[in-house]
Structure formats: C-alpha cells, structure tokens
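Asker: Let me begin by handing over the structure; questions about it come next.
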Amino acid sequence: MSANDSPSGQQTTTSASLDAVRHATHDSAFLRACRREPVPHTPVWFMRQAGRSLPEYLKVREGIAMLDSCMMPELVAEITLQPVRRHKVDAAIYFSDIVVPLKAIGIDLDIKPGVGPVIAEPIRTRADLARLRDLTPEDVPYVTEAIGMLTAELGATPLIGFAGAPFTLASYLVEGGPSRNHERTKAMMYGDPQLWADLVDRLAEITGAFLKVQIEAGASAVQLFDSWVGALAPADYRRAVLPASAKVFDAVAPYGVPRIHFGVGTGELLGLMGEAGADVVGVDWRVPLNEAARRVGPGKALQGNLDPAVLFAPTPAVEEKTREVLDAAAGLEGHIFNLGHGVMPNMDPDALTRLVGYVHEQTAR
C-alpha cells in the first residue's frame, strides 16, 4: 500500500498526516474509553453539541440554509470547534446532517425548518432504487476539506465522524419526511421484504462509503445514528435491520477506529445493536447503564445517558442526576458520558459547560 492509499483503494489524505492525527489523539480519554482502557477521567461529549444552543452558532449560521452550511468547509470547521472551545468536551463531532450523503448522490431533498428532511420524490418501488447510486469522495469534497481543517485545529482532541443508519435513512426516503408511525416504511418491510432488504442494503453501501471518506480525512471514531429504529420490535430489527447496520460497521472495520451505535427508544434492542458490530453502544435515558450493560453483554463500552431535560433543572438537581448516571456506570468496562439524546435548542449552554466540569471533577482518577 502506497503512502496515499487507503483500505478502500482511494487516494486521500497522506498516511503520514493520518498517522500524526492518530498519534495525537490515541491516548485521549475518549478513545481510551472506547477501547475500554483506563482513563484519567470519564470523557464527555454531547450529541448536537454543535448547534442552536450556542449563540455563536446562531450568529455564523444566520441567513444560511442547513444543507448549504453542511457544504461550506470553513463554516463546518468553525461550528464543529465551537463546543470544544466553550465546553472543553473530550471529543468533537463533525457538523453535518444525516441526509447529506443522499443529497450528494442526487436525491432531491431539503431540510425545512421546524419539519426536518423532506424528500421530493420518495423511494417506494423497485424502479426507484436506481436513483440510489454509489457515493464517491468526489461527491463530498467539502467533507474531506473540512475534516482536514479540523484535525489541524483539534490537536489531541478526537473528531467523531457520523452518518445516519440504513433504517432511519430508509424511513425518510420511503415516508418522504419525518413520520410518527412509519406506516409506509413498515408496509414495505412487511409487504415486500425483498425490496426492503435491497433498499437498506443499498443504503448501507452509501453510508459505509460516507463514513470511509470521514475516516480517511482524519476522523478518529464514527457514530451511526439510528434515530427512528426504536419503532421496531426486536424480531423485526434482527430480520430487517441488523444485516444492513452490520454491513456498515463491517465496511469501516479495517480502519481500526472505534465504532459507536446509537438509537432512541432502543432499550429492548440494545443487545441486537451491539451484535451489529459496534465497539460502543449508545444508551438513551430510559435504561440505567448497569442494566444496559447486562443487555449488551461483555466486550462493549457504553455511552450515555443523562436525560437532556434534566439540564433545565437547578444545578443541584443536575448534579444529583449526573451522579446517578455515574454510579450506574461504575462497573462498566468503558464509559463515555453523554446525554441520552441530543442537546435541545433552548438549553442554557452554561449548564453544559458546568456539566462537563462536574463529570471531570467527580471522575478524576
């Protein structure tokens, strides 16, 4: 393998620069926790830490549509760095949206404020699958450029790449947008299981390719978000979802970076989500971490899981609930502190800053 080659055979960031990133971040508390190694303190980061809770985010995003902002490397880098500067979190997460790879391959979609992703022409027939072409690095040059900027700025702080999981992307594509009950999604899954299997398999290939671009540009870990999969029963997850999610994790396995799997309302699915191949399983606030560890089984670190709404309570109450999370995590093989879902837009950013400091202080070894 030449200096510029990657496991996928694509020409990308030089191996020397990637080696420098890996060396700088290797002993970070976040990556050590992902590997279930001893840590100087429990690492902390937050889903949606870069976003509307920060006044500096609102300022730089003013007048710029969400999808447009995801394709502006300097803006992406600035937004990604903002919570690292403000909160002193232990990891940055790349600022983007889960539908970016779909937009990049030509799917006609938009993110409508107050609604979410809206698909102009939903995917509902076998003929529609032809619109889901391969994703290449050339489709997302802004990702490679932004991550190059970020790794230069972040130094020893790891950058997490991310993507939407096949089920959640499929739900958006089939429904045409967000859905409370996922009627059309489930109708395809149950009524035409082969079409469904082909759809999520195709999305697994696209998602895997998107994560590879991020890793090859310098991401030190990746997280697969399955926002809607909590709508499924375990048997349906095993049959109709797990193979596609596993395909994504298998695609990035050769890179050796930690792989995180997170879904909302997935307490009954935690063991299956671990089976899909993640090194770290994210847990929402509904299941205590010690019980989550029992469900997931050995050999996995856990991430979570403070209820985001707790941050609206007075500081003593936040600290009490935080101690409950830390106590439940006391016997885990590896623990990354996070919220059980994303940061809410109207959350006081100072509460997040205090939370990071409190977790670091309480868990200092």
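Cβ coordinates are placed from backbone N, Cα and C, and glycine is handled just like the others.
Just lifted these from Swiss-Prot, have a look:
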BINDING   ARG48, GLN49, ALA50, GLY51, ARG52, ASP97, TYR172, SER227, HIS341  substrate binding site
COMPBIAS  1-17  compositional bias 'Polar residues'
REGION    1-20  region 'Disordered'
SITE      ASP97  site 'Transition state stabilizer'
Asker: Tell me which of the binding-site residues ARG52, HIS341 sits in the most Cβ-dense spot, judged by other Cβ atoms within 10 Å.
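Answerer: Comparing the binding-site residues ARG52, HIS341, the most crowded Cβ belongs to HIS341.
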Asker: Between HIS341 (substrate binding site) and ASP97 (site 'Transition state stabilizer'), how far is it from one CA atom to the other, in Å?
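Answerer: HIS341 (substrate binding site) to ASP97 (site 'Transition state stabilizer'), Cα-Cα distance: 15 Å.
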Asker: I'm trying to understand the geometry here, so how far is the Cα atom of ALA50 (substrate binding site) from the Cα atom of ASP97 (site 'Transition state stabilizer'), in Å to the nearest whole number?
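Answerer: Cα-Cα, rounded: 12 Å.
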Asker: At the Cα level, what's the spacing in Å between ASP97 (site 'Transition state stabilizer') and ARG48 (substrate binding site), rounded?
Answerer: 10
Asker: Among the recorded positions listed here, ALA50, ASP97, which has the most company in the form of other Cβ atoms within 10 Å of its Cβ?
Answerer: ALA50
Asker: Select one residue from ARG48, TYR172: among these binding-site residues, choose the one with the most other Cβ atoms within 10 Å of its Cβ.
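Answerer: Of ARG48, TYR172, the one with the most crowded Cβ is TYR172.
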Asker: Work out the three-state DSSP category of ARG48 (substrate binding site).
Answerer: coil
Asker: Using DSSP and collapsing to three states, where does HIS341 (substrate binding site) fall: helix, strand or coil?
Answerer: coil
